[in-house]
């Protein structure tokens with residue numbers, strides 16, 4: 001009989017650990033690249049919902065679903081940045097933006113709920129909302145500090161359409177003639193207001209048009225994602241309230257439904273165009289997810305529903321997004337302040353990004369000319385002649 005060498009018990013332990021690690025690594029291979037898509041697959045399996053449903057597409061199947069917006073630790077006081085009041089500060093850099101803000105007056109309404117006043121809404125107020133010409137939060141509870149309006153509509157996804165109708169009716173009744181454009185955003189949307197106005201400057205508020213992240217199901221000409229925010233011209237708001245909303249053959253009278261899709265259906269039936277919000281090079285300006293989702297190559301499964309929904313092709317990676325991006329969605333309060341810092345406070349020393357205004361032009365005319373040159377290729381009013389500004 002052969003004399004086999006005696007194996008130490010420790011060797012068996014080491015072999016077991018090594019085998020376990022190997023199995024663990026193999027089992028994880030191929031899953032990390034599309035981590036978001038994996039979570040969605042699990043979600044669909046648990047819900048028995050393999051298809052994208054018209055009344056649920058904007059939420060349950062998102063890689064950054066509402067329940068994943070990490071605002072559990074957001075009950076901190078609004079953050080105030082330093083004033084940058086030094087010889088190398090940003091002082092004087094907003095002259096053009098300030099002039100455009102006088103010309104393109106945007107009323108912002110932010111959809112929220114009483115449970116989110118302290119977790120989200122106050123951080124929206126402390127960051128981008130202050131750059132609207134005027135803003136208000138639409139909720140189920142009044143809050144003079146925000147301020148928030150009580151729409152007397154129940155909370156929950158099943159009532160988003162009712163809230164949206166009520167919010168636009170309130171704005172029509174109180175602010176129609178005081179502003180040019182009317183932006184709807186969520187309390188986890190981050191908006192670069194200067195870039196929104198820059199895009200809108202090429203258009204007249206008398207055009208029946210709305211802009212946002214354009215999706216293609218459910219309508220002929222497209223509709224706009226609710227989470228990325230969408231903006232209606234004054235004429236679009238008038239048509240929605242005066243013509244579409246009172247007519248049950250044009251607008252759903254129910255309280256439920258996908259708010260963004262229902263809005264798109266109503267507007268299309270009264271001749272309001274779903275505009276092309278891309279820049280002249282085809283880069284997108286309204287983003288329905290956080291920056292990481294769009295900027296990181298391979299972040300999301302190519303079979304993910306978004307790629308079938310988007311009206312215009314969108315690259316995944318650094319070429320996705322316009323240098324004049326307008327919005328991102330699923331932005332938690334911490335990320336909101338990070339974006340605020342990166343956009344409005346951080347600057348590379350020695351790099352001058354000033355826009356040169358010719359001596360024979362006004363600031364607003366120069367901005368208008370650049371805005372027209374940056375319009376999307378599918379612009380609904382592209383043939384509209386240049387007007388005096």
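Each residue, glycine too, has its Cβ placed from N, Cα and C.
It is 7-27, from the ranges 7-27, 28-48, that Swiss-Prot records as transmembrane segment. Per Swiss-Prot, the candidate among 294, 299, 329 that belongs to the Mn(2+) site alongside 186, 188 is 329. Checking the ranges 49-71, 72-94 against Swiss-Prot, the region 'Disordered' annotation falls on 49-71.
Ranked by CA distance from residue 360 (N-linked glycosylation site), the recorded positions 157, 188, 266, 320, 329 have 320 at the top as the closest. Each of the disulfide-bonded residues 108, 251, 266, 320 was scored by the number of other CB atoms within 10 A of its CB, and the lowest score belongs to 320. Under the three-state DSSP scheme, residue 186 (UDP binding site) falls in the strand class.
By a simple count of nearby Cβ atoms, those within 10 Å, the most crowded of the binding-site residues 157, 163, 329 is 329.
Straight-line distance linking the Cα atoms of residue 329 (UDP binding site) and residue 266 (disulfide bond), rounded to a whole number, equals 24 Å.
Residue 132 (disulfide bond): 22 other CB atoms within 10 A of its CB, across all protein chains. When the alpha carbons of residue 266 (disulfide bond) and residue 163 (UDP binding site) are compared, the span between them is 15 angstrom.
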